[in-house]
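Sequence annotations record features per position, and here TrEMBL assigns active site, acyl-thioester intermediate to Cys102. As annotated by TrEMBL, active site, proton acceptor applies to His392, Cys422. Under the heading domain 'Thiolase N-terminal', TrEMBL lists 18-288. Annotated domain 'Thiolase C-terminal' per TrEMBL: 295-434, in sequence order.
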Amino acid sequence: AVQPKSKKTLTKSGVKNIVVVEGVRIPFLQSGTSYADLMPHDLARAALQGLLNRTSVPRDVVDYIVYGTVIQEVKTSNVAREAALGAGFSDKTPAHTVTMACISSNQAMTTGVGMIAAGQCDVVVAGGVELMSDVPIRHSRKMRKTMLTLNRAKTLGQKLSLISKIRPDYFAPELPAVAEFSTSETMGHSADRLAAAFAVSRLEQDEYALRSHTLAKKAQDGGLLLDVVPFKVPGRDTVTKDNGIRPSSMEQMGKLKPAFVKPYGTVTAANSSFLTDGASAVLLMSEEKALAMGYKPKAYLRDFVYVSQDPKDQLLLGPTYATPKVLEKAGLTMADIDVFEFHEAFAGQILANLKAMDSDWFAQNYMGRKSKVGAPPLEKFNSWGGSLSLGHPFGATGCRLVITAAHRLKKEGGQYGLVAACAAGGQGHAMIVELYPQ
């Protein structure tokens, strides 16, 4: 690895340094493929076991486990606990699950950071999981009400009376959608409007998506995706790599019809992230604990911020709002950042954020700032691919961003990485990752 150039230090007096010792993820797969018959806790358990295998951390040393997830499996609503028990952690290790849309595992990590900083824990495992192959589909409300009442009915007469009231429309199921509860608009529709608002063309979006897939393929072939651990799927083969990376051609991508705003939209299946199954896990410790246990940490987790905006018109602009805030908090500028890892929900969303970050007008009129923060240079941006190509299991992506930033810093000889993501609800997150001194 290249030796990093030394810059300003972010150590704050009296504050514990928190480090990432290691981070792993099972391969991210397109929904409906090899993980289709599993449950979310199976994937989370595999990520936890991968972390244990790679670090050899004694299971009883872990003080706490936090997992992020978005679409909850009702049977394992606290998926962190079920996965931890399945992975062989001590039943004395508490675990809880958080949800914050696409930044759920970011929230899991920062929850762990807070617990260590507060002196409550020395060692926390954080992660995230999503299984889009099997999402809960509910009966209609009328049907649910009838069935619950039927359950309480005592006599045959009461039961028959209730059954006679069931109408054909009771059988229409409630399907989940990637849509905003507050606006009823799907995320793809919002992305299309955002791209239009910032004049991001279909051509630009397709070019960016092709870039993501091409860089991901190069990283995968070059053995750079060091966080991926193999997973022996019960009853199936061992999965060793992400299966959604598919560099296409501009010509092929140009043939696709708009997916959301028809017929004139610019967001298509090719320039959007796909439904993905996957899980991730990171081992967080106080620096003192990591060194006492003989570990060589990968990176420090430094300042972080959460932001939220209007969920209708600014649903996916989290990175634009979070980036200047986190830089100010850390006393850094864009020029200090060597590696950018941003979540790619849609190519149009990424490009709209880059344009918003580079606009004084947007900064002054919407953000109450004197001037723009500036767009990250593309040569430092998502250079090993991103969610468009690697996949995006909603709850698991945050950990992937952080550990990729750490690996890229080491490989490229940088010191500071900036991780950022948008999330449903108009929310967002950004965090500074600092390479651990080599």
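Glycine too: its Cβ is placed from the backbone N, Cα and C atoms.
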Measuring Cα to Cα, how many Å separate His392 (active site, proton acceptor) from Cys422 (active site, proton acceptor)? 12
Reported as an integer number of Å, what is the Cα distance between Cys102 (active site, acyl-thioester intermediate) and Cys422 (active site, proton acceptor)? 7
Within 10 Å of the Cβ of Cys422 (active site, proton acceptor), how many other Cβ atoms can you find? Include all protein chains, please. 35
Which has the fewest other Cβ atoms within 10 Å: Cys102, His392, the active-site residues listed? His392
Work out, from DSSP, the number of helix, strand and coil residues along the domain 'Thiolase C-terminal' (295-434). 60 helix, 35 strand, 45 coil
Averaged pLDDT, computed only over the residues in the domain 'Thiolase N-terminal' (18-288): 96
